[in-house]
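Reviewing the structure listed below.
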Amino acid sequence: MDSLLAPRSTSSFSSPLNNNKNYYYCNINSENKSSFSVPSSFRIFNLRKFSTVSFGYGCDCRLMGRSSGCSKIDCLTRVTMDFSASAASPEIAKPKIVTGPGGYVLEDVPHLSDYIPDLPTYPNPLQDNPAYSVVKQYFVHVDDTVPQKIVVHKDSPRGTHFRRAGPRQKVYFDSDEVHACIVTCGGLCPGLNTVIREIVCGLNHMYGVKKVLGIDGGYRGFYAKNTVHLDPNVVNDIHKRGGTILGTSRGGHDTTKIVDSIQDRGINQVYIIGGDGTQRGAAVIFEEVRRRGLKVSVAGIPKTIDNDIPVIDKSFGFDTAVEEAQRAINAAHVEAESIENGIGLVKLMGRYSGFIAMYATLASRDVDCCLIPESPFFLEGAGGLFEYIEKRLKENGHMVIVIAEGAGQELLSESMKSMTQKDASGNKLLQDVGLWISQRIKDYFSKQRKMPINLKYIDPTYMIRAIPSNASDNVYCTLLAQSVVHGAMAGYTGFTSGLVNGRQTYIPFNRIIEKQNHVVITDRMWARLLSSTNQPSFLSAKDVEEKGDEEPSNQLLDNGNCGQETFVSNEVTN
Ligand SMILES: Nc1ncnc2c1ncn2[C@@H]1O[C@H](COP(=O)(O)OP(=O)(O)O)[C@@H](O)[C@H]1O
Ligand SMILES: O=P(O)(O)OC[C@H]1O[C@](O)(COP(=O)(O)O)[C@@H](O)[C@@H]1O
Ligand SMILES: [Mg+2]
């Protein structure tokens with residue numbers, strides 16, 4: 001043990017602070033001039049003008065309290081502590097993998113009781129709620145799990161499963177004890193307000209939770225902004241609006257400051273709504289919370305209109321975005337077919353994943369060519385884009401092209417000397433492929449082919465994500481929000497709530513952040529698109545060979561289980 005801080009007497013540390021059994025305090029008054037000492041596994045990370053020192057059980061040492069007293073480290077009492085009995089949590093929680101017969105694997109989510117012993121439990125208040133008490137088997141059985149792959153062969157191993165979401169018979173928070181907060185991060189997505197609304201209403205109506213804070217403006221709002229009080233009245237109408245009433249941002253993830261803020265405010269349930277970057281940030285927050293031994297559930301709700309989050313069937317807001325994209329594609333089609341050699345070009349979102357472009361194309365049937373980041377293409381020569389455009393114009397007199405913002409970036413880089421700029425979150429800032437390709441097409445046909453064309457470029461980028469969610473996304477948002485609330489109340493932490501094969505599940509952060517979900521162009525879904533547009537694949541035999549090694553993604557409608565009809569009916573059963 002180092003000799004930085006030592007307690008006056010060990011008994012000074014035996015009283016629980018704020019009824020939080022994981023923290024112990026000693027009062028130090030300014031007359032006791034001495035030095036501070038902590039065991040080497042402990043760290044003082046928030047030295048302020050506080051007079052109370054608290055020690056997390058098996059984790060960090062913090063200065064807390066607000067009464068006047070000592071302000072400097074050298075005026076504190078010399079105290080002696082022996083923390084040898086308290087095992088500090090390792091830096092990173094190991095994945096919880098449970099195996100069973102027949103190759104069954106459960107990728108389980110962490111639980112508060114994994115690192116806090118002897119937590120009290122309470123009967124779930126829903127059992128007295130008239131809306132739920134009549135529903136037979138309302139509570140999820142403790143052994144319910146959901147398979148990740150549902151297309152199997154007779155001899156297939158049972159494979160990976162995730163814990164089924166839903167209310168548990170016992171909960172780990174007393175309703176009055178809960179102090180929740182909600183934050184939204186990253187780009188906008190239709191349905192953010194619905195998720196916020198349903199978390200607030202779910203906590204309040206199902207569990208009687210009254211203390212819910214909104215964190216303003218993304219992660220940095222934890223430490224740089226004021227919070228807002230949220231209750232069912234405040235959020236009543238917000239699902240009818242696009243955007244997020246809490247505001248959002250990129251960058252600003254400072255783990256220590258965020259967890260300090262959680263701790264200082266006495267927050268014990270953190271609901272984090274955001275995309276792949278946000279879930280990475282949530283995973284780090286969870287690790288820090290666990291390391292400090294706090295009774296705080298950290299729960300993620302996946303948000304991404306790009307659909308780039310793995311494992312889950314799809315993100316909320318995706319359907320709405322695809323629907324809105326139809327309006328731009330329709331306009332492009334009307335413009336193109338009204339003039340000779342008309343080309344309607346629509347750029348849609350999709351930084352690394354072309355799902356919106358692919359589904360908008362499949363839904364519209366007016367699109368002749370869809371270009372996405374996952375499928376390389378080339379412009380000139382036999383089998384290239386220009387050749388195909390010319391062919392379509394000669395056959396049809398007009399054509400519609402949909403391009404995802406991340407498509408063909410390698411071509412732009414070659415011709416425009418690649419920029420390596422990033423946004424505040426570290427995402428690569430893309431060059432405008434829509435403007436670039438418009439110019440290349442115009443130049444090619446006017447200069448090289450001497451063929452007059454009329455190109456109309458439509459960029460509805462922000463229009464498709466700044467709108468309120470449609471009816472089906474609203475239902476999805478509600479189920480996601482309720483699932484995440486049930487999970488946190490049941491003491492689960494370090495998890496994202498998500499739809500897997502039409503069932504609500506709890507997925508550990510490590511699975512959500514390990515990779516991005518991409519369109520696999522050697523899968524049937526992309527083949528369906530090619531056969532619907534009749535565009536060439538632009539792939540060489542070598543490309544196909546390389547792409548053939550990729551694992552199939554969760555392709556939304558593929559595998560026969562994620563179609564809209566199944567999706568809705570499964571939702572209802574959850
Ligand atoms: N690896 C990471 N570790 C911690 N925080 C991250 C990480 N990546 C992104 N973040 C934070 O998550 C937030 C949202 O990330 P961003 O990539 O902009 O959007 P999205 O979550 O929608 O993908 C930002 O505040 C960013 O700082
Ligand atoms: O201009 P912004 O706000 O950075 O957003 C643009 C990005 O947002 C997205 O729609 C989604 O990004 P995130 O899911 O990472 O927030 C990307 O397709 C696009 O590149
Ligand atoms: Mg992202």
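Just so you know, glycine gets a Cβ as well, placed from its N, Cα and C.
Caution: TrEMBL annotation is automatic and unverified by curators.
Taken verbatim from TrEMBL:
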| type | residues | note |
| --- | --- | --- |
| DOMAIN | 181-486 | domain 'Phosphofructokinase' |
| BINDING | Gly187, Arg250, Gly251, Gly275, Asp276, Gly277, Thr278 | ATP binding site |
| SITE | Gly277 | site 'Important for substrate specificity' |
| BINDING | Thr304, Ile305, Asp306, Met349, Gly350, Arg351, Glu405, Tyr462, Met463, Ile464, Arg465 | substrate binding site |
| ACT_SITE | Asp306 | active site, proton acceptor |
Review point. What binding-site residues in Gly275, Thr278, Asp306 place CB under 6 Å from ligand 2?
Key: Gly275, Asp306
Study note, to complete from the structure: Minimal Cβ count within 10 Å, across the binding-site residues Gly251, Gly275, Gly277, Gly350, points to Gly251
Check your understanding: In the same chain, which residues outside the set Gly187, Arg250, Gly251, Gly275, Asp276, Gly277, Thr278 have their CB within 8 A of the centroid of the CB atoms that define the ATP site?
Key -> Cys185, Gly186, Gly274, Gly281, Ser425, Asn427
Practice item. Go through the binding-site residues Gly251, Thr278, Gly350 and pull out the ones with a Cβ less than 6 angstroms from some atom of ligand 1. Key: Gly251, Thr278
Exercise for review: Write down the Cα-Cα distance for Arg465 (substrate binding site) and Gly277 (ATP binding site), rounded and given in Å.
Suggested key: 18
Check your understanding: Roughly how wide, in whole Å, is the group Gly187, Arg250, Gly251, Gly275, Asp276, Gly277, Thr278 that binds ATP, by largest Cα to Cα distance?
Key -> 13
**Study point:** Whole-number Å value for how far Thr278 (ATP binding site) lies from Arg465 (substrate binding site) (Cα to Cα)
**Key:** 17
Check your understanding: Just the number: how many Å between the Cα atoms of Gly275 (ATP binding site) and Met463 (substrate binding site)?
Key -> 19
Exercise for review: Measuring CB to CB from Thr304 (substrate binding site), give everything in the same chain under 8 Å that is also at least six residues away in sequence.
Suggested key: Gly186, Cys189, Gly275, Asp276, Ser315, Gly317, Phe318
